[in-house]
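Taken from Swiss-Prot, the feature disulfide bond applies to Cys75-Cys87, Cys109-Cys158, Cys505-Cys509. The N-linked glycosylation site annotation in Swiss-Prot covers Asn40, Asn74, Asn180, Asn247, Asn318, Asn347, Asn506, Asn532, Asn545 and is backed by sequence analysis. Positions annotated as S-palmitoyl cysteine by Swiss-Prot, on the basis of sequence analysis: Cys580, Cys583. The topological domain 'Cytoplasmic' annotation in Swiss-Prot covers 574-584 and is backed by sequence analysis.
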Amino acid sequence: MKAIIVLLMVVTSNADRICTGITSSNSPHVVKTATQGEVNVTGVIPLTTTPTKSHFANLKGTQTRGKLCPNCFNCTDLDVALGRPKCMGNTPSAKVSILHEVKPATSGCFPIMHDRTKIRQLPNLLRGYENIRLSTSNVINTETAPGGPYKVGTSGSCPNVANGNGFFNTMAWVIPKDNNKTAINPVTVEVPYICSEGEDQITVWGFHSDDKTQMERLYGDSNPQKFTSSANGVTTHYVSQIGGFPNQTEDEGLKQSGRIVVDYMVQKPGKTGTIVYQRGILLPQKVWCASGRSKVIKGSLPLIGEADCLHEKYGGLNKSKPYYTGEHAKAIGNCPIWVKTPLKLANGTKYRPPAKLLKERGFFGAIAGFLEGGWEGMIAGWHGYTSHGAHGVAVAADLKSTQEAINKITKNLNYLSELEVKNLQRLSGAMNELHDEILELDEKVDDLRADTISSQIELAVLLSNEGIINSEDEHLLALERKLKKMLGPSAVEIGNGCFETKHKCNQTCLDRIAAGTFNAGDFSLPTFDSLNITAASLNDDGLDNHTILLYYSTAASSLAVTLMIAIFIVYMVSRDNVSCSICL
């Protein structure tokens, strides 16, 4: 009788190992995070730059004003503002104005007592408007002005275009006629609004004083005179100073023993002003009509070329990064925001050294291998797959996963850009609130506000880096699920994102996995391990199947009992419950 014995023999193969993971880099960079401190990453996007000083320029896409009157040669802005005869010309519109006179220059005309009024701020006031023009008509008729009749005085120290005697076009130096040279009580003149609707009217006026002899000769009164101006609820009082002046002139012209005090008042649309005066008045004539706003920044001339940003300390800047370090100062245009320290955004993955196959001995001495670290050679992406086997090492990037990581970084960049815009708007709003003060006073930067914004931006970058680095686990987990689904029953999961395949997986195989086109059948893969069935013929020696099975089961049972007894004895000996002596 023949019996068939089925012997099951599992056919093993030299399996390859496929793992998910992240690229490695030999040149790690460092970024700061909110909770992990400094972290090495494979790439960064620098967010800050440190500018170098350059010349000032015209702001790109914006009308930029250097001098109030570009075609008025050898004239200061104060000359133009007061209407010096040789400094009359076109004053173009501008959205941005350069305060190029660190200390506003004097006027090349009659000597002015600058320290008694804010007249040096008049050019700054005009720079603060987008549109400025000098009226064609006079605001006050000198022939009918109270305290007259008058004749209009001129001076050799203020020559006109023909080099004859002249005076400022914004004022009329009214001197009583010979039959009217006598002291008068204060008289009042109304200053009407003559500009167009929507324009502010800047009215310039003043008074003249000299020594007693000249005061008596010119006005018939050598005593100090009183003057008052009032507009928009602002009232200013003056008393003239008599004598004590050395002969001098502002620039060129004839030296003078007298002085003039010049002031201005701003009249809002439709509002009138008043001036109360005695002898020596300089009555308003042509007025400035101004509208719109022009941002003012300290700088220097000439303006060369164009720039994205005008910065008080660095001049014209072209924006290459959203933030900058260095000196903090006022800036206008498409400018980076000041931050205290350099900032970098992670543009890659957390740095890992090149991967090594680590081996650990497990149960019954079996060796389990897994990868630790990052991969070298994956230049097409950040996340992907690697296989190890007889073919060596193959690496392939998963472009979709890499793109998702890049999208997250782009999202963070967009967020930081939005934060930049919001902070710029906040700064702009604060500057607008101070606009009226800025027109009259040199602007001071709010350093506390800048420090606060810098801290907010730095925190936002730290949190962004934290999110980018932490999202790696999400990408790897998604990659592992994708790989497991593609491999199906053709591989066994061995942990750490690795799978042991039941087939070879070279570079071609790995590329298809990365592309999502992997098909197990293309690599001669059976559905499961093959079984070899071997038939054995036994001679009929009187043993039937039942007898054979009985012998086998008896032997197996005896062996099992023997092993159990041996294990029990070893256990008891180890617990000192049984002693064993061997005698020879």
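Note: Cβ is positioned from N, Cα and C throughout, glycine not excepted.
Features per Swiss-Prot, on structure.
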residue	record	DSSP (3 states)
Asn40	N-linked glycosylation site	strand
Asn74	N-linked glycosylation site	coil
Cys87	disulfide bond	helix
Cys158	disulfide bond	coil
Asn180	N-linked glycosylation site	helix
Asn318	N-linked glycosylation site	coil
Asn347	N-linked glycosylation site	coil
Cys505	disulfide bond	coil
Which of the recorded positions Cys87, Asn247, Asn318, Asn347, Asn506 has its Cα nearest to the Cα of Asn74 (N-linked glycosylation site)?
Cys87
Using a 10 Å cut-off, grab the number of neighbouring Cβ atoms around the Cβ of Cys87 (disulfide bond), all chains included.
24
Relative to the Cα of Cys75 (disulfide bond), which of the glycosylation sites Asn40, Asn247, Asn318 has the closest Cα?
Asn247
Cβ atoms other than its own within 10 Å of the Cβ of Asn347 (N-linked glycosylation site), all chains, total 20
Can you tell me the three-state DSSP label for Cys109 (disulfide bond)?
coil
Spatial neighbours, same chain, of Asn506 (N-linked glycosylation site) - Cβ under 8 Å, 6+ residues apart
Ser387, Gly389, His391, Ala394
Integer Cα-Cα distance in angstrom, Asn40 (N-linked glycosylation site) to Cys109 (disulfide bond)
67
Using Cys109 (disulfide bond) as the reference point, find which of the recorded positions Cys87, Asn180, Cys509 has the shortest Cα-to-Cα distance to it.
Cys87
Sequence-distant neighbours of Cys509 (disulfide bond) in its chain (C-beta under 8 A, six or more apart):
Ser387, Ala394, Phe518, Phe523
Smallest number of other CB atoms within 10 Å: among the disulfide-bonded residues Cys75, Cys109, Cys505, that is Cys75
